[in-house]
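Chemist: For reference, TrEMBL lists these features for the protein:
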COMPBIAS  9-26  compositional bias 'Low complexity'
REGION    1-26  region 'Disordered'
TRANSMEM  36-58  transmembrane segment
TRANSMEM  104-122  transmembrane segment
TRANSMEM  128-148  transmembrane segment
TRANSMEM  175-194  transmembrane segment
TRANSMEM  200-221  transmembrane segment
TRANSMEM  255-276  transmembrane segment
TRANSMEM  288-305  transmembrane segment
TRANSMEM  317-335  transmembrane segment
TRANSMEM  341-365  transmembrane segment
TRANSMEM  386-415  transmembrane segment
TRANSMEM  427-452  transmembrane segment
Amino acid sequence: MSAPDRAVAGRAPGSSPAPGSAAPAPAGGGPSALRYAVGAFATGTFGTVPGLLLLYYLTDTLAVPAAVASVVVFLPKAWDVFLNPWVGRRSDRTRGRFGPRLPWMAGGGVALSAGFVLLFAAPTPKGLPSAVWVGVAFFCCASAYAAFQVPYTAVLAEIADDPAVRTRLATWRTVFYGTAILLSGGAAPLLVHAARSERVGYALMGGVLGLVLLAGTLAAASNAPRAVDARHRPAPMTFRQQVAVAKASRPFRRLLGVHLAQTLATGIMLGAAQYFATYRLHDSRATTALFGCLILPLLLTAPVWHAAGRRLGPGRGLLASICLFVAGGSLLLATPVVPRLLVYGFVAVCGVGYAGMQTFAVAMLSDVIADDARERGGGNSRGGAFTGLWTAAEVIGAGAGPALFSGLLAVTGFVSSSAEHRAAQPGAALTAILLGVSLLPALVLVPAAVCARRLARDRGARPGG
């Protein structure tokens, strides 16, 4: 049995599930830690590539004005703020032979793959027609992603009873998530540049990564829990009641604040990365190296953060990881006066912090969901209610980050261009690009550090690694 599968087993052979846990799936169709973690290939890919390349694709390949591009990348994410909580409520209530999570995850995965292919294959003329095409395709992608991600996030609390096991599973998820970011974030620019033109390259990249999304989502969906006691069906819940459930949990409120700030900060940095490589490092292909420096430390240090969580507790571990990310981002301000090797080192510091933020946030969310089910008794899980709001915060942060950066470009006079002609940029725009990868993400994470410090004193932050 592999290490992930040992983690998912969690309890001694023959022991009963803990009160408040979901019924285990039948043998042969039950969840496996490996397949659960493979789902992070999809979340990592879709969470990375649009944030990394979509804004740049609009402004520098399709010649869409920066102000219009900011609307295109933000509105579909804003829609998910309302859609994700609804998916969470409906997923909790879904019943059938395939259980409450699998139909949503599989359907969302297929639709996401198709939408992603169309997203980077705009056949329209440059300018506003292309903006409309990309906007509609991104809207479809965001909706499909919600259908997959909300139940996928809820699954962790339903396949393991022990907080220590959930932290191990979250560590494996972080490793797969980091691998997806490394491969997709590194390969996407290479695929774009491999074709005879940028537009063809983007279409090629969309097709290849669309297949990755399909494989990751279906692998995770195939092992979603299916055996659910019909007596434990949650009562119908309105959006207002869903918000009330979240407000009643102080650990969840604080964790949600951390998550929103984290996704906003990384969204800003992702949106700025290609511009940073092109206009500050003067090498459009440096994006791959930047991603390697961010994600390789994530892969190497995720197990270290797991060990640190056992000693420090998840709350203090989360705080330490946020501080590391802030430190690395702040150091990037020195980019104009230091060698490029040091720039890559500062990015690596961010990668170490990012590993901890990913691991502890997901593990602590599953603890909140499991504690809620235990307190209510009978395995009555409201995991979808929590994860619907959680993923809503994630998509709004991920969408607002690039949009905020694009707005900053617009007010500082950034000049949009086509792939055939790269325009010279004013000094104010070049300064904005530097701030987008350094000081701005660091400042956004300051409130997250405050929330993490308070979480360290909450019941959900006790050592559970």
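Glycine residues also receive a Cβ, built from the backbone N, Cα and C atoms like all the rest.
Could you place these features in context, so I can see how deep they sit and what lies close by?
Modeler: Below 8 angstroms of C-beta separation, residues 39, 42, 46, 50, 53-54, 57, 62, 87, 90-91, 94, 130, 133-134, 137-138, 140-141, 143-152, 199, 202-203, 205-207, 209-211, 213-214, 216-218, 220-222, 224 of the same chain, each at least six residues beyond the ends of the transmembrane segment (104-122), sit close to that stretch.
Residues of the same chain lying 6 or more positions beyond the ends of the transmembrane segment (128-148) and with a Cβ under 8 Å from any Cβ of it are 42, 46, 50, 54, 57-58, 62-64, 68-69, 71-73, 75-77, 79-80, 83-84, 87, 104-105, 107-112, 115-116, 118-119, 122, 217, 221, 391, 395, 399.
Residues of the same chain lying 6 or more positions beyond the ends of the transmembrane segment (255-276) and with a Cβ under 8 Å from any Cβ of it are 48, 51-53, 55-56, 73, 189, 246, 284, 287, 290-291, 318, 322, 325, 329, 350, 354, 357, 361, 364-365, 368, 389-390, 393-394, 396-406, 409, 433-434, 436-437, 440-442, 444-445, 447-448, 451-452, 455, 460.
Sequence-remote contacts of a segment are chain residues at least 6 beyond its ends whose Cβ falls under 8 Å from one of its Cβ atoms, and for the transmembrane segment (288-305) they are 52, 171, 174-175, 178-179, 181-182, 185-186, 189-190, 273, 276-277, 317, 321, 344-345, 347-352, 354-356, 358-360.
Same-chain residues lying 6 or more positions outside the transmembrane segment (317-335) and placing a CB less than 8 Å from one of its CB atoms are 258, 262, 265, 269, 280-281, 305, 308-309, 342-343, 346-357, 359-361, 364, 434, 437-439, 441-442, 445-446, 448-449, 452-453, 455-456, 461.
Sequence-distant contacts of the transmembrane segment (341-365) (same chain, at least 6 residues past either end, Cβ-Cβ under 8 Å): 153, 156-157, 163, 166-167, 169-171, 173-174, 177-178, 251-252, 255, 258-259, 262, 266, 269, 281, 289-290, 293-299, 301-302, 305-306, 308-309, 314-315, 317-318, 320-329, 331-332, 334-335, 386-387, 390, 455, 460-461, 464.
Sequence-distant contacts of the transmembrane segment (427-452), counting only residues of its own chain at least 6 positions beyond either end whose CB sits under 8 Å from a CB of the stretch, comprise 254-255, 257-258, 261-262, 264-266, 268-269, 271-273, 275-276, 279-280, 315, 318-319, 322-323, 325-326, 329-333, 335-336, 404-405, 408-409, 412-415.
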